[in-house]
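Per TrEMBL, compositional bias 'Basic residues' is recorded for 1-12. What TrEMBL lists as compositional bias 'Basic and acidic residues' is 13-42. Here TrEMBL flags 171-259 as domain 'CAAX prenyl protease 2/Lysostaphin resistance protein A-like'. The region 'Disordered' annotation in TrEMBL covers 1-42. What TrEMBL records for 53-73, 85-107, 127-149, 169-186, 210-241, 247-267 is transmembrane segment.
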Amino acid sequence: MDNKSYRKVPKGNKKDKYKDKDKNKDKIQDKNKKETVNKEDNRIPPRHPVWNVWQGLFLLLIIYGIEFFLGWLRTPKDLDQLEGFFRFLTVGMGEALLYLIIILCFFKLIRRPLRELGLVRPHVRYILLGLMMGVFLLVVVGLIGNFLANKLGTPAPQSFTLVLMGAQYDWQLMLLIILGGMIAPIKEEVFFRGIFYPPFRQGYGRGKGILFTAGLFALLHFDVLRFIPLLVGGVVLTWLYEKTGSLWPSIIAHGTWNTLMALMVWIQR
């Protein structure tokens, strides 16, 4: 037999090894939990937005206050004339710019990135989805609107429709499509879906959050007879935001919807 000395490992050392393994497992589990929490925190729409509904309403009050001071809330009477057309266009552009400036300043103040609004990098599938849902909204909301018009009577035309019907040149149509099909959808989707939906969702859950956001969207169009069609449209647009985590599908769907309606009015006038 060799005269090699074998040193026995104390029992305490084996226990320490098992303790170390348990500690490593706990660390891995804690790390996985933190990663899961981080994914939830980074989710769009955010699970726990740092802003609330009251702050959104306060921003809206500021915007309406500025618009009232500038006289933008008064609808021009000569919408079928070039002077009224340019006034309507200027107010529409200025209003959209005002919305975006107020929102940008607010997010600078609370030190949050704009991506939390859902302004993430758009994908091709989002563009296609938005286009398809825009056509869907045109058909479904149009059918609901026609049904209600037959039951309750035809509502008075909106100011955008009056301007469009009074337009005499193709360049007027193009400018109105830019306003109604691009600028207005960005403004409204950022505000209603981006600002209002996350706190509604956090406070009331996904279903009620979608309904409350859509209801506010319809209510602030100040059109009683069009409330239900706008409510349905708002539900679809908010659902798009919830499912994709991006504002671009709802912006594109909203813009497609508005553009197709404008083209139909232009053709039928």
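Yeah, the Cβs are placed from backbone N, Cα and C, and that goes for glycine too.
Secondary structure by DSSP for the domain 'CAAX prenyl protease 2/Lysostaphin resistance protein A-like' (171-259): 78 helix, 0 strand, 11 coil.
Touching of the transmembrane segment (127-149) and the transmembrane segment (210-241) is concluded from the presence of at least three CB pairs under 8 A, sequence neighbours closer than 6 excluded. A contact between the transmembrane segment (85-107) and the transmembrane segment (210-241) is absent, since fewer than 3 of their C-beta pairs, 6 or more residues apart, lie under 8 Å. Long-range Cβ contacts of the transmembrane segment (210-241) within its own chain (Cβ-Cβ under 8 Å, at least 6 residues beyond either end) map to 45, 60, 118, 129-130, 133, 136-137, 140-141, 144-145, 148-149, 152-153, 155, 158, 188-189, 192-194, 196-197, 200-201, 204, 247, 249-250, 253-254, 257.
In the predicted model, the domain 'CAAX prenyl protease 2/Lysostaphin resistance protein A-like' (171-259) shows an average pLDDT of 94.
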